[in-house]
Structure formats: structure tokens, C-alpha cells
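Annotation comment: TrEMBL describes 32-270 as domain 'Cdc23'. Taken from TrEMBL, the feature repeat 'TPR' covers 331-364, 365-398.
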């Protein structure tokens, strides 16, 4: 695969647009602004509206240019002049989504701009028909069979032009899109790389390339142009690949060189913090972004996910109503409303809005994953599996969909299946303790206890967000009658929950105190056993056991039974479970005299 990715660009016979290169640094922001304004116009003329919007937003974040430095529009070629009437009419039809009509009037045009619009109109016509059929289809099986019938013809025609070196940067981009839609991923990557060399300022080509890169190794073998646009691409792909530290560093560099007012960069930083579950930081940035750009809808579904996690009902309700007023038929708006109903436990309504989002855009990743979650809540496992599989088809890097599939098969009591899906989720999020704990539980069910221990210990070492890894590890040691290791885990668990001051479930806390009370009792450490037994009395499920143990200790003391003068053997984690960054050490008995649960 790697050998095929490193492709040198094929030179064009003649330039199609006035920009074919962009310098590799940010030393001249005025020149960068000129390039952004120019590419915004060129993409708008060709109907590439998202790329045009991205370029215009980025240009807006830079200081205004004086009149003397504003560039005139690109010169019109002889071919452009000949096709001007047809192009003007067709562009008007294109803008109102009459794609077949636009293509009809562009047939036979020779200019690069008109030819691109002709081919792009045919492509979008096929996509629109496919989406219409998808909406009308009855079930998931039929949905998978709906195809864009125009793709094969477009591929043949664009392939001939490509071989003859007659495609400009926009033509190469469209050729790459067609190849991707036909699942010819390797060929598509090669063509997109070529497009970034020929027209490095077109964000759409970079974004398409980003969607096809599945890991850092693939990224290393790409022969990318040395341009300032590459920095935006790398920041974006690092975010997608969950390389958040690298992504944040890239975005900070972009802010430092002069893009501090870019709402795109601010939103990407918020998404990056969302991905590493730094919820407070992400919420703070999103709130600032809303003040800066109150009518922005992009990424607001991610913002709603954060509000959902924090159970901020009133804020989520306000966001849903606000986006509804701006544009109720945007996929992000539907997802925000779906999250709102999900938070209110109205899962049928939530699923309905996620379905509405998918009718607007069947390839919208977030809606598929969220719909899978809702079906899980409604105990409809077959529909949940279908939704998660669609999410993976859209983006194989979506760890939430892999994790969701693992949970679904866990409910179905199919541990080998859920082990596979949890492994995939863990590969995408190697430092996410939730994936590691889920893997450990899977290994435990499959009686692979050594692997389970490794997973639980690793989950603790990377920062256990749910504070469950040590308890599960302790219970595993307890099951294997490894009493010292179990006590070590319970001691560390108790120390952790009291040091961070978090409110935890009393069930696990009481479990830890009960085990430690019994453990110290067996070791004849009456003071420590008595202290833990007293703590047991604070919980309903261990109160009677705690009282019974206290009576036994009192009885033994009255009989003159002397406590042990020596501590039991030092507690150490097995060497196979130790992490390099977490040294093992002997843990002394707990001093709980000043601690109140």
C-alpha cells in the first residue's frame, strides 16, 4: 500500500487557474490573503461551495487589504469567452439544483471551467437521485443497494482526460471523488495527492485525502507539496487520527502566525478537547465561539454532545431552540434536537430526529452513531448494530461505533464478537480507559485472566475516568485467591477516591472496605481491621458484617489475642502488569481516622 501512496504529480500541459503553488511558510500573510480570496472565487464559480466558504472564512480572519493590493479577477481565455453564454446559463440552473439541465447546456463546452461544471453537474445529479431512492427505500438492505449510476461513465471519461494530462486541479479533485465513491481507495489517494500538487489551495482536495487516511503510517508515505495549506491538513488529520497533542500544537502554531481570529481553528480546537474528554475546556471554547459567531451551525452537534454528557438540560434546550430558528433542516440541528430528547429519556423521539438528519445527509457520521446509541437504549440491538455498521462504512476511524458494536454484542452474550470490536476501538483510542476496561471484562468472560489483568492495570495507568479499573482488578485477584494483590488494589482505590474528593458509588467503596477489614483481620492487624470494619458500618450492604467483625475483634482482644507485630508481605503488582510510568511500591495500612465517607 505504502509504495502506491507516494505519487509524483503529473504536470499539466497548460495552467488552468492562475494559482498553482503556495509558499511553504507564513511569512507573508498579505500574499496568503490574496490567494485565499482568489481560490474562494474560483471554487464558487465551479459550485464547490464548502471549499469556497472555508477559504472565505480563513481570509476574513486576516487583516483587510488596501485597495492598491486587491487583485483583479482572473483573465478570461478564448475558450472561456466562447463558452460564456452556456456557462452563465448552466451555472444559474446549477445553483437551483437543476443538475441535468445544467449538464445539458454545457455539453460540448471546451473551457476547463465549463467542462468541470458539466462533469460535476452529472455527478451531483447521480448523487441526488441516489439520495432520493435511499430515502424512499424501505429497509437497510435496500439502502445498501442504491448506487450512483453515473459514476462508472464519469470514471471512464475522466480517466481518458487524466491519461492525456488534460485535467486541471479541479478536474483531478472530481476524478478522485469518483474513484472514492467506487471504493477504489488506493487510486483515489494517488489522484488527490496529485490534485494537491497541481492546486494546493483547494481545501476540498485536502479534506477528501484526509478522509481516506486511516493511520499515521499511511500519512508518512504521502508525497505532499510543501505549502502552508499542508499545515491545516496536518492539524485536521491529527485531530481525526486522535493524535490530539500534535493537532493542538499545529493549531497553536497557526494562531501564533496570525490566524487567531479564525472561527474554523477555534472550533477545531474545541473538537480536539472534546475528543480527549477535556469537557470543561471544550465547553469554554464552544461558548466563546458562540459569542464570536452566534449563527454558526458547524460542530454544534459536538457542542451538544458535551452538554449531554454534563446533563445541562436548560443549555441544551436553548441551543436546540436557537439552531431551530437559524435552520431547522440542517443535520447538525437535527442531531442537537435528538440529543435534547435523549437527555429527557424520550428515545423514540431522539431516534426520529437522527433519522431526519440522515435523510438530509445519509453520510453524516454523527447521526448514525447517535442513532445506534438510541436503539441501544430502546433495547433494539439489531437496529443498533445496523446503525453502527453504517457509521463504520462512513468512517472506519469512528471509535464510538466500534465501541457501540462491542457493547451490543456484549448484551447479546457473544464475547468473541465484542472482543473484536473492543479491540478495534482500543486501537483507535489506545489511552482511553473505557476501552481497556471493556476489553478486560471481555477477556475475563473468556477466562483469559492474564490478559484481563493487563487491561485493568493499563486502564488505571492511563487515567481511569470511571474509577472502576482497580476494583475490577482487585476482584480478579480475589477470585484467584491472590489476597495481597487484591488488598493492594483496594487500598489504592480507596486512596484515589478520597484524594480526588469525587462522589462515588457506595457499593464499590463498601466492597473495598469489607475486603480490607477481612484481610487485616486474617493478618491479625486489629487496629486496621477495626478501622475498616467501622467504615463498613456506614453502608447499608456491609453494616451487619462490619458490626459482626467489630464484635469478633473485641472478643479476641478480651481473650488476650495479641495483634501481629509484623506487617504481611509487601504488596506488589505482578511484574507482568507493571507499567513503566507507574512505579510499584509498598503501600502501608490506611490511616482512615480523619476520613468520613
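Yeah, the Cβs are placed from backbone N, Cα and C, and that goes for glycine too.
Whatever TrEMBL says is automated annotation, not expert-curated.
Here the repeat 'TPR' (365-398) returns a mean pLDDT of 90 for the predicted model. Within the same chain, residues 131, 134-135, 143, 297-301, 303-305, 307-308, 311, 313, 316-317, 319-320, 323-324, 370-371, 373-375, 377-378, 394 sit at least 6 positions outside the repeat 'TPR' (331-364) and bring their C-beta atoms closer than 8 Å to a C-beta of that stretch. The list of residues near the repeat 'TPR' (365-398) in space but at least 6 beyond its ends in sequence, with Cβ under 8 angstroms from a Cβ of it, reads 140, 211, 214, 240-242, 301-302, 331, 334-335, 338-339, 342, 345, 347-348, 350-351, 354-355, 357-358, 404-405, 407-409, 411-412, 428. DSSP assignment over the repeat 'TPR' (331-364) gives 27 helix, 0 strand, 7 coil. Under DSSP, the residues of the repeat 'TPR' (365-398) split into helix, strand and coil as follows: 27 helix, 0 strand, 7 coil.
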